[in-house]
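Enquirer: Sending over a structure as structure tokens; questions will come in a sec.
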Protein chains: 2
Amino acid sequence: MGILVHKYGGTSVASTDKIKNIAKKIVAEKEKGHDLVVVVSAMGKTTDDLIELSKKISTNPDKRDLDMLLSTGEQVSISLLSMALKEYGVDAICLTGFQAGIKTQGPHTKNKIIDIDIEKVKSYLKEGKVVVVAGFQGMNEKGDITTLGRGGSDTTAVALAAKLRGGCHIYTDVDGIYSVDPRLYKEAKKLDDISYEEMMEMASLGAGIMEPRAVEIGCKYQIPIYVASSQHDITGTTIRGVDHNMEENVITGLSISDDVLMVTISNLEFKVENIAIVFEKLAEANINVDMISQTGPINGIVNLSFTASTDDYDVIKEVMQQLKKQYQEIDIELEDDITKVSVIGVGMLNQSGVTEKIFRILANHHISFRQVTTSEISISYTINKKDKATTVAVLAGELGL
Amino acid sequence: MGILVHKYGGTSVASTDKIKNIAKKIVAEKEKGHDLVVVVSAMGKTTDDLIELSKKISTNPDKRDLDMLLSTGEQVSISLLSMALKEYGVDAICLTGFQAGIKTQGPHTKNKIIDIDIEKVKSYLKEGKVVVVAGFQGMNEKGDITTLGRGGSDTTAVALAAKLRGGCHIYTDVDGIYSVDPRLYKEAKKLDDISYEEMMEMASLGAGIMEPRAVEIGCKYQIPIYVASSQHDITGTTIRGVDHNMEENVITGLSISDDVLMVTISNLEFKVENIAIVFEKLAEANINVDMISQTGPINGIVNLSFTASTDDYDVIKEVMQQLKKQYQEIDIELEDDITKVSVIGVGMLNQSGVTEKIFRILANHHISFRQVTTSEISISYTINKKDKATTVAVLAGELGL
């Protein structure tokens with residue numbers, strides 16, 4: 001019996017009753033003889049509530065202050081789970097991110113784990129304790145409390161598993177990884193396993209189950225990540241290195257994201273320098289840009305579209321206003337009634353006819369996509385939000401997902 | 001212009017609007033040229049709410065877990081106040097207890113500050129920042145987050161002022177220190193200043209404005225502590241070393257506390273060893289015992305009364321049950337419908353006639369007190385809660401407070 005890292009998300013710890021249920025589950029697992037580390041997120045909507053609270057003070061709160069505020073959410077969860085475990089007779093210790101040795105760097109609210117000083121966790125495991133660790137947070141070298149951004153708790157869990165050379169179970173509110181989000185397409189099939197690469201693509205394209213960074217770490221350290229329901233006792237999906245038979249398995253799944261802000265800059269004078277400046281300014285403002293597409297220049301003029309998170313709307317708007325001052329001739333459009341749909345499959349683009357088939361399906365159903373980008377293993381479209389249900393249904397149906 | 005430590009309690013930061021008001025006050029103070037450290041408590045009833053939350057998990061939660069939970073309250077306050085200060089154009093930095101270098105030791109939920117590593121706070125002050133510090137919390141040498149117990153934020157503030165050799169302002173929901181709690185006796189007089197010794201006595205006897213430990217530190221380092229309203233711009237009271245003219249000023253004030261659990265052990269065989277065991281067991285359970293009175297032994301049997309906080313009711317009950325097993329002949333009574341009234345004045349007990357006068361007033365008004373204890377500068381009575389209003393009125397009135 002080795003070391004296992006469990007991770008429970010916000011929905012799984014949304015109330016004290018749910019925390020008690022999780023505690024019982026952990027006790028049963030502990031009795032099987034595993035050494036357990038449990039990573040938890042903030043309870044239910046706590047993080048959103050804290051962000052709302054901060055907005056009553058400032059429309060654009062200082063990010064270091066925001067990290068200080070948000071990190072309290074997980075701290076509440078770990079203390080309550082630790083109490084609950086003791087109620088069920090299991091010795092436990094709870095640790096904040098920094099107490100668990102999680103060292104991070106980067107801009108506040110978007111830090112990355114650079115290393116984990118794992119000795120403290122190990123010594124508590126040796127004492128037979130269940131170690132409950134606050135997900136989503138750490139400490140930078142200045143001693144500031146930091147957070148890891150969206151899905152940060154997954155990253156915490158996988159990184160701990162990597163350092164401890166243990167297994168990693170992500171317990172969530174879905175039963176596993178589906179070819180298409182089952183809330184959007186009822187006939188979607190659950191996958192027994194999926195490769196790191198496909199999962200990263202699905203995750204970064206918005207499948208919303210696993211944080212791509214977490215999958216990346218799993219891939220780097222070859223830690224299989226088991227994703228399953230925290231509520232039901234049903235077999236989930238394992239993310240691991242898999243040899244696919246490409247012939248049979250060209251398309252793995254569909255990924256759908258509604259958190260899409262699409263920005264289109266038109267009428268920009270075509271110089272590589274100009275394009276570089278656009279993305280430089282976005283990077284300076286710590287904006288993660290997602291899809292980028294640029295059409296070939298016509299008469300020395302290019303059009304450029306990119307997408308980002310709607311969370312960054314205000315910051316991006318400001319960056320665009322600065323840009324407009326520098327390049328007065330350009331037009332800028334921000335749209336947030338946008339959904340991104342991605343079709344994913346290893347080797348898909350090398351398989352003749354696949355891309356064409358997808359375009360054909362969309363055309364047949366009069367779905368007018370706005371922006372298209374492709375990668376080795378995916379093709380993504382931005383569409384109007386109102387076309388989402390139809391798009392998902394026709395693609396999933398006709399591609400047999 | 002030197003360094004000033006401000007402290008704002010939970011009522012002063014109960015809402016985001018109140019936090020904004022405090023921020024404005026601090027900005028005005030900063031503009032006068034002071035270097036400012038601001039200590040804040042948790043917002044309003046947050047601490048109570050968190051305790052309630054923990055009780056849904058466990059009736060007797062682990063104290064280390066409880067510290068982990070409770071410390072989030074102040075962390076929320078400091079982040080919001082720091083955001084608010086920046087909104088008003090003042091650069092600020094917020095620090096948790098351990099980030100501010102506050103080192104503690106003792107049992108969880110009742111830690112004491114042993115030292116402050118003040119360099120970080122000093123360096124931020126040098127950068128011109130307002131340093132916002134979470135009250136009530138610190139870190140022990142194991143790296144666990146700890147809390148300081150009731151009134152701990154006052155202690156944080158005075159200890160920081162002592163280390164920084166600065167002034168200390170405690171802003172609260174009262175206008176200053178009164179001879180009697182003005183909520184209980186409308187004609188009570190506000191004091192311009194009061195000695196550390198008298199304030200400690202008043203505080204430890206339940207005046208509820210300042211934590212006695214905080215006053216103790218003020219006394220030790222000779223830091224004058226200014227206590228005033230956070231809402232109104234009225235001169236408050238300064239706690240400092242004062243030379244009283246004893247003739248004029250025999251009785252300084254009345255102190256009233258409702259947080260009184262009175263325990264009476266009767267029929268105990270009189271041996272010093274037995275008494276020692278009683279208090280040893282209470283100490284082992286981390287109970288702070290307040291008033292102790294023992295009557296002289298009769299026929300080898302003693303009766304013993306002591307008071308403690310009603311918060312410790314469950315723990316004390318358990319200790320008493322253990323005691324009962326060891327000494328089967330004893331009777332134990334726990335009463336919590338008790339109020340403690342104390343009359344305070346430096347040199348009071350040396351002044352002939354003062355004690356007698358107090359007993360006479362109580363007798364004339366048929367107030368049957370339960371337990372009496374005396375110190376150099378005070379005399380305390382436990383009475384039935386129902387007699388509180390009368391007792392306060394007649395003592396304050398007839399002693400001219």
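Glycine is treated like the rest: Cβ placed from N, Cα and C.
Bear in mind that the values here come from a model prediction, so they are computed numbers and not experimental data.
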Enquirer: Among B:33-60, B:285-312, B:313-340, indicate the range for which TrEMBL gives the feature coiled coil.
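Expert: Per TrEMBL, the stretch marked coiled coil is B:313-340.
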Enquirer: When you rank B:Lys7, B:Asp173, B:Tyr178 by Cα distance to B:Glu74 (substrate binding site), which of the binding-site residues ends up on top as the closest?
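Expert: Closest by Cα distance to B:Glu74 (substrate binding site) among the binding-site residues B:Lys7, B:Asp173, B:Tyr178: B:Lys7.
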Enquirer: Using Cα coordinates, what distance in whole Å links B:Arg183 (ATP binding site) and B:Thr47 (substrate binding site)?
Expert: 24
Enquirer: For the ATP binding residues given in the record (B:Lys7, B:Tyr8, B:Gly9, B:Gly10, B:Thr172, B:Asp173, B:Tyr178, B:Arg183), what is the largest pairwise C-alpha separation in angstrom?
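Expert: Between the outermost Cα atoms of B:Lys7, B:Tyr8, B:Gly9, B:Gly10, B:Thr172, B:Asp173, B:Tyr178, B:Arg183, the distance is 23 Å.
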Enquirer: Could you tell me the C-alpha distance between B:Asp173 (ATP binding site) and B:Thr47 (substrate binding site) in angstrom, no decimals?
Expert: 17
Enquirer: Could you say which of the binding-site residues B:Tyr8, B:Tyr178 has its Cβ with the most other Cβ atoms inside 10 Å?
Expert: B:Tyr8
Enquirer: Just going by other Cβ atoms within 10 Å, which of the binding-site residues B:Glu74, B:Asp173 has the emptiest spot?
Expert: B:Asp173
Enquirer: With a 10 Å radius around each C-beta, find which of these binding-site residues (B:Thr47, B:Thr172) has the fewest other C-beta atoms nearby.
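Expert: Selected from the binding-site residues B:Thr47, B:Thr172 on minimum Cβ neighbours within 10 Å: B:Thr47.
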